[in-house]
Amino acid sequence: MLTAIDYLTKKGWKISSDPRTYDGYPKNYGYRNYHENGINYDEFCGGYHRAFDVYSNETNDVPAVTSGTVIEANDYGNFGGTFVIRDANDNDWIYGHLQRGSMRFVVGDKVNQGDIIGLQGNSNYYDNPMSVHLHLQLRPKDAKKDEKSQVCSGLAMEKYDITNLNAKQDKSKNGSVKELKHIYSNHIKGNKITAPKPSIQGVVIHNDYGSMTPSQYLPWLYARENNGTHVNGWASVYANRNEVLWYHPTDYVEWHCGNQWANANLIGFEVCESYPGRISDKLFLENEEATLKVAADVMKSYGLPVNRNTVRLHNEFFGTSCPHRSWDLHVGKGEPYTTTNINKMKDYFIKRIKHYYDGGKLEVSKAATIKQSDVKQEVKKQEAKQIVKATDWKQNKDGIWYKAEHASFTVTAPEGIITRYKGPWTGHPQAGVLQKGQTIKYDEVQKFDGHVWVSWETFEGETVYMPVRTWDAKTGKVGKLWGEIK
């Protein structure tokens, strides 16, 4: 007989927590009730720890103790970095506390006994302090499906023979089912930017009109918070074919639609890298599919149906081209924003969301994992890029005077101020209306068309222009400001 513990100890692993040494063994299997520094590490399972803790001082490489199929590979699972392999007997081997980002396989992959599945670590659900080690647990195939049973059930692996659970697996199709890398900002567990939403009534599928990946968005968004430009907009979720950034809790108000009701009741999902020419249409569609899969998971978690009332577009609430690239591909380039076309776009999103809502798997090409640099350093770089220094006025070829200026503007005009796309001219298409009391952060000032204007870039990459007072080009005299500048 060969047990998993025998297998690991022969490789030099040492046991740090052994159920055979707990009080009441074997009758009261796994009752440990371990406390340290005021923390009960077994509280969730009622004091039980039906698992072995082992560690190695020689290597962090964690080998699979049996062959099988990966059914979970989650950086933020119930045991922190959580990896689960189902063996030939249909029982599940749980490898817990792995280093986040270290897992070598994705859900659906085949694994052979001895394959390195990840790295020994100390991650955990609550981010409590703990020593580096491996939590190894054998969940029975007949465990109930509720969370507590899935987390707390455990067979006595010291009595479980793995001698014949080492059959070679066909790994030729590994990687065909995509498991996205999840990135979490400090706001998920820490401080929040806004208040809780009064209700969750649906989702909005955006295109970011940018070229950044989700991991690149995180330092960029932090930098905007630091310099105050985050008030110009952000969404809760950013996704592409490789990664998902959970920037802010989905049940908190977002600034993603330029519409008070939509911001307070709808969850924003950004399809990343949508800037024309940044990536091929094929790769963009993979980004779109990944985003719709995440949207389906979130909608299902809130018990939302999938229909035209719950799947919405940005251009339903604000004068914008968003979702511009999805629109070009599924409705047609240059097609007008009519009700018929809006419904055509929504119906496409609905069809794909339903596919994932009903259990469809995400299948995309295997792309290289994007390496994340130190976020603090990236924040500093992004802040440096976003700082705008005051300069003297310059004039461009169209006769527009402009200069860089970094400040905030709060509207005081009772009727609000109409904003424009394309440039500082009242004849350009209307972008929207900034209402009394609303504030934006701008980075440039222009003088043209009888007005002084300010402009800023939205979180979707579009520049918006707004007149803030009158201006006489002949005398240089300016009128009363229609708001407050700080």
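Just so you know, glycine gets a Cβ as well, placed from its N, Cα and C.
Model, not experiment: these values are computed from the prediction.
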According to Swiss-Prot, the disulfide-paired cysteine of Cys152 among Cys45, Cys257 | Cys45
Given that Swiss-Prot annotates His314, Cys322 as binding Zn(2+) 2, state which candidate in His206, His406, His428 belongs to that site as well.
-> His206
Zn(2+) 1 binding, same site as His49, Asp53 - Swiss-Prot member from His135, His182 = His135
Cys45, Cys152, Cys322: which of these recorded positions has the highest Cβ count within 10 Å of its own Cβ?
-> Cys322
Rounded Cα distance in angstrom between Cys322 (Zn(2+) 2 binding site) and His135 (Zn(2+) 1 binding site) is 46
According to DSSP, His49 (Zn(2+) 1 binding site) sits in coil
Given the recorded positions Cys45, His206, His314, which one's Cα is the least distant from that of His135 (Zn(2+) 1 binding site)?
-> Cys45
Would you mind splitting the repeat '12' (209-221) into helix, strand and coil residue counts from DSSP?
-> 8 helix, 0 strand, 5 coil
Near the repeat '4' (109-122), which residues from the same chain, at least 6 beyond its ends, have a CB less than 8 A from one of its CBs?
-> 55-56, 59-70, 80-81, 83, 85, 95, 97-100, 102-103, 129-134, 162, 165-166, 168-171, 173-175, 177
Where does Cys322 (Zn(2+) 2 binding site) sit by DSSP, helix, strand or coil?
-> coil
Close in space but at least six residues away in sequence, with Cβ under 8 Å from that of His49 (Zn(2+) 1 binding site), the same-chain residues are Ser17, Pro19, Tyr22, Gly30, Tyr31, Arg32, Tyr34, Tyr41, Asp42
